[in-house]
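Since the structure comes first, as structure tokens, the remarks are kept for the end.
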Amino acid sequence: MAPEPPLLSMSGITKSFPGVRALDGVDLDVQAGEVHCLLGQNGAGKSTLIKVLAGAHQPDTGTIRWRGEEVTLRSPIAAMRLGIATIYQELDLVEHLSVAENVHLGHEPTAAGFVVRGKAARSSTAQLLERLGHPEIDPARLVGDLSAAHQQIVSMARALSHDVRLIVMDEPSAALDPDEVDNLFRIVGDLTSAGVAVVYISHRLEEIRRIGDRVTVLKDGRAVAGGLPAKTTPTRDVVAMMTGRNVEYVFPERPTTDATAGKPLLEVRGLARHGEFEPLDLSVRPGEIVGLAGLVGSGRSEILETIYGARKPSAGHVLVDGRALRPGSVRAAVRAGLGLAPEERKAQALLMLESVTRNVSVSSMSRFSRGGWIDRAAELGAARAATRELSLRPDNPSVPVRTLSGGNQQKAVLARWLLRGCRVLLLDEPTRGVDVGARAELYAVVRRLADEGLAVLLVSSEVPEVLGLADRVLVLREGRVVHTAPARELDEHRVLDLVMEGSPAS
Amino acid sequence: MPELTSRRGLLFGTAAIGAGALLVGCTSNESDDEPAANDQPAADDKPGKAVTIGFAGPQADHGWLNAINDNAKSRAKKYSDVTLEITEGSNDTAAQIGQIETLINKKVDVLVVLPADGKALTQVGLKAMRAGIPVINLDRIFNTPQAYRCWIGGDNYGMGLNAGHYIGEKLKGKSNATVIELAGLDNLELTQQRTKGFDDALKNYPNIKKVARQAAEFTVESGQAKMAQLLQAQSKFDALWNHDDDQGVGALRAIEQAGRDDFLMVGGAGALSAFQAIKKDDGVLKATVLYPPTMAASAIDLARALGQSKGIGGMAEFEIPASVTLYSAVVDKDNVDQYMPTGFK
Amino acid sequence: MTQHASPPRDSTGKVPSAGAAPGWRGLMARADVRTLSLLGVLAALIVIGGITKPDEFLDTRNLQLVLTQGSVIGVVTVGMTFVIISGGIDLSVGAIVALASVWATTVATQEYGFAGILFTAVIVGVGCGLVNGVLIAYGAMVPFIATLAMLASARGLALQITDGKTQIVTVPSVLDLGERDAYVLGIPPLVMVFAVVTIIGWLVLNRTTFGRRSVAVGGNAEAARLAGIDVRRQRLYLYLLSGLCCGIAAFMLVILSGSGQNTNGNLYELDAIAAAIIGGTLLSGGRGTITGSVLGVLIFTTITNIFALNNLQSDVQQIAKGAIIVAAVLVQRRTASTT
């Protein structure tokens, strides 16, 4: 089929870290002009593989061939010189420099070897931005002032400012709105038609269907399938290869008894924050899961954080068991039995340098201490019981929390609140960064906690998740609840219509 | 804000008093000058022409520097014809330059400057001289004689020399005698000069060998720490010279803590606590070499004479000298009573 | 399945190591690599000292001297370690020591004798810590700025109190504590205070909720807040703790030097930060040990001692100190990355 050698050919790549074999003999072929998708659960080895490709990690064994010739990618600069550019998920831009300065960072156009020609840098940046469909971004603006989507565009412009032949994109659509995603796909199309290869990493199968040519699936550091046709391989097969099992019952069944009969545990009355969301009423009963559906910017996370006391409301009250909480006090909320699993787990919930035990026990320290003195055996025992109840893996709470996968880190956060004896659980994007197989398990955990009498308030940007998991759904648009209904009376289509259509009043 | 206004008020008040004194001086004292022995006018205690003296010194964070300020102030108070404009002390070169420029702008008659750093303040000294304000340079010398009319200061080399000679004479006849030195802040030139003088004096005594030297920082804390180490390093020695009586408080503490009394100690500068210990004569400290803070009082005298265009008594010249180097006298049990009033805390 | 594969656990939940490992080896295995590398550096220094000055260095009196000289800055470093672990910094420690020591040695204070001096030193230290803490925790000031301001004003106030004069202590019961007669079983009282502060510091950091909260605030302040920790109150307590350590250190310094002077505690802030850093405390917070910091202090004090015994001058000492900081951090990074 291929008369020429592939643009990139990695074979038998292994890479070990202390205690972990991250890559175990991975092969990857990429042809010029194709979109090669890389799929795999968190911890499957995707990140390590692209870091090897970017020259940031050196493989222990294995060979890399570039246009048929064996090469060693000693450093990111070496990879860049060959024409390999990487756009990381966590954008590596300098916030206090301008767009043009970021794009040309490290290879500024200069006069006499050291005087930066700002004007030249700005005009070439403007050309790149135009090519990327965003001529409205001013090359002179500071990157820190741009939206996440625009920052991504700048990151891409930086990659294209080099003479690239292969671009690695690590979950580029994660921070983007639907129309931004369309623009991204157009750019990918332009690149491939110009003969540039794209290695595309995403959790979203439908994206892979739309733009992918071939798929390589990674699992546990091995390539379980290489070069499958992206458009025709059945979804179920792909998921099965990633998770190693069939995913038929992704969502747990709802209980048959009607929870709406009970007295509300969490009540929100007229809660509002200027400029973020308008006065809101809602109630959650024990055993009930209430979902908030809405797009980015609809005020979902802000609502959750205000209920939790992390933001101070401009009006309204939060009541637990009929008693009003002191507004704007996290401690009051926690004391009343609220627990939050925030959207940004690493930044907002986890102590990354600490063990699972300490992450789990941090909100319940008074339970294992007398006069401030911690009974560490009791602490470990309780942490183990809580993590076992959620089947957290590995089954050793002494390991550092940073070594866990995304799903297990989320379980550590849930175990924290379980141990605290929390009665109202606020979940903000509970499956972000969690792979498909682990999601089902998390859904089951959440449902079980509700069955045990917890009131759960769920926020998610993935409509199927809200519909599948919640009992009742509130649809949000621009900080306002536009519709409330039992989940079984709604479908994805209807919710998307509600979320996107212009409000009748305007 | 109230602080600011009250402070401004205070300044106004001072200025008004100064102006008043000036008037009084002009009207009443012109004719009281008495001819000196050589028929030239020499400055004496009798009121003369009113003189405003600007005084700028470093921050008084050390006993000796504090004594400098006290000496200057009390000397100025003694003369009804002298108004002292004293600035807040500063160790920051830029701040001190600013203060001196303010004094120049106020058109004081004479400036007395003890620079935080002599070399760095040379320019502002030149500026004052060009503006017609004579400068008395106190102790830390400017880079060029053009920047001052008169320099008066201590003799760091002589201090070391006299300390060395005193110890040399005391250990005369003792074969294989050993001495150690506890120096001051090593990054100051004066410390190097003191050490040089000490070493040069010891060359006259072939029976004495300097076996160790550590530098402290003119503070009690560093004196204690460094002395404790020196005592541990040298299980036996005959004499110790400590550059500075302030750090000497710490050094004596370390000596006491180590329970050592088998040597003779000579201090430096002339602190009251050192004089008292010498007088008591129950410890190792037997003498101290002066670096007299009274030089500030002398500087006021010189400035007053300069402002009144007189020479100084006991000298034949019409003018005050261009430089005065003070003698670093050795104070021991025999003459300590005489120096006791000059001892600083 | 994994549950069956995991080894049995004892009651404390620790996985017993294979075979009956002797307690000593078990201890070494648990001690972290950084601590071991610091012990290695200290051992190397002791060898150097022993070779260059066998009689003077390997001597009980010298051991007493090194520990005594390290005890004042050591107590300050314990407090500083807590502050740095919590993601903060306290630049005012040296100035607080100066202010507390001069306030405690004024003529008026000395009239109240031993208790008056001790009480004043501790209260001044805690008071300055309180101001730092309130400014940082509730005034939302950056620790660097707030404690820099405290540095300037405490030094200024100390100068104002002393007027540049050395305040000699005349209370015999205070002075006696610095003399050899006060040694108990050969241990100087100041060293005992240092040891007690170290042990309490270790216990508080590793065994109490206060220690946990400090680490949590330093590791991720936002996560700590959302986990229900009162981050601001914790910060207040941390600067209070640092101030308390400064007050105790000031009293120790008064005993050691027999005086109070406004120049006391000169550059303690840098020495304490340096000792904590070479002890493995992360300047960005979230990680650090009392053991490491104390070893850092002992390493510095031992170097000073060896240099003084060998009659090397302060220029060489300063260069060596800088080199040691760089070397210790490099060695630690290396040992940490290879394991």
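From the backbone N, Cα and C atoms, a Cβ is placed for every residue, glycine too.
Residues annotated as transmembrane segment in TrEMBL: C:33-51 (among others).
The transmembrane segment feature in TrEMBL is assigned to C:63-84 (among others).
As annotated by TrEMBL, transmembrane segment applies to C:91-108 (among others).
When Cβ-Cβ distances below 8 Å are used as the criterion, the transmembrane segment (C:114-135) is approached by residues 90, 92, 96-97, 99-101, 103-105, 141, 143, 146-147, 149-150, 154, 169, 171, 173-174, 235-251, 254 of the same chain, each at least six residues removed from its ends. Taken from TrEMBL, the feature transmembrane segment applies to C:114-135 (among others).
Annotation source TrEMBL lists transmembrane segment at C:142-162 (among others).
Same-chain neighbours of the transmembrane segment (C:182-205): 60, 64, 67-68, 70-72, 74-75, 78-79, 81-82, 85, 176, 211, 214-215, 245, 248, 252, 255-256, 289-291, 294, counting only residues six or more beyond its ends whose CB sits under 8 Å from a CB of the stretch. According to TrEMBL, the transmembrane segment annotation covers C:182-205 (among others).
Per TrEMBL, transmembrane segment is recorded for C:236-256 (among others). For the transmembrane segment (C:236-256), the residues of the chain that approach it from at least six positions outside its boundaries are 68, 71-73, 75-76, 78-80, 82-83, 86, 88, 90, 93, 96-101, 104-105, 117-118, 121-130, 132-134, 136-138, 147, 169, 174-175, 177-178, 189-190, 193-194, 197, 210, 214, 217, 264-265, 268, judged by C-beta separation under 8 angstroms.
Feature annotation from TrEMBL assigns transmembrane segment to C:290-309 (among others).
Counting only same-chain residues 6+ beyond the ends of the transmembrane segment (C:63-84), those with a CB under 8 A from a CB of the stretch are 90, 93-94, 97, 143, 183, 186-188, 190-191, 193-194, 197-198, 201, 204-205, 214, 218, 238-239, 241-246, 248-249, 252-253, 256, 265, 268-269, 271-273, 275-276, 279, 281-283, 285, 288-290, 293-294, 296-298, 300-302, 304-305. At the 8 Å Cβ threshold, with sequence separation of at least 6, the transmembrane segment (C:33-51) comes into contact with the transmembrane segment (C:290-309) through 3 or more pairs. Listed as Cβ neighbours of the transmembrane segment (C:142-162) (distance under 8 Å, sequence separation of 6 or more from its ends, same chain) are residues 83, 88-92, 94-96, 98-99, 102-103, 106, 128, 131-132, 135-136, 239, 260-262, 264, 269.
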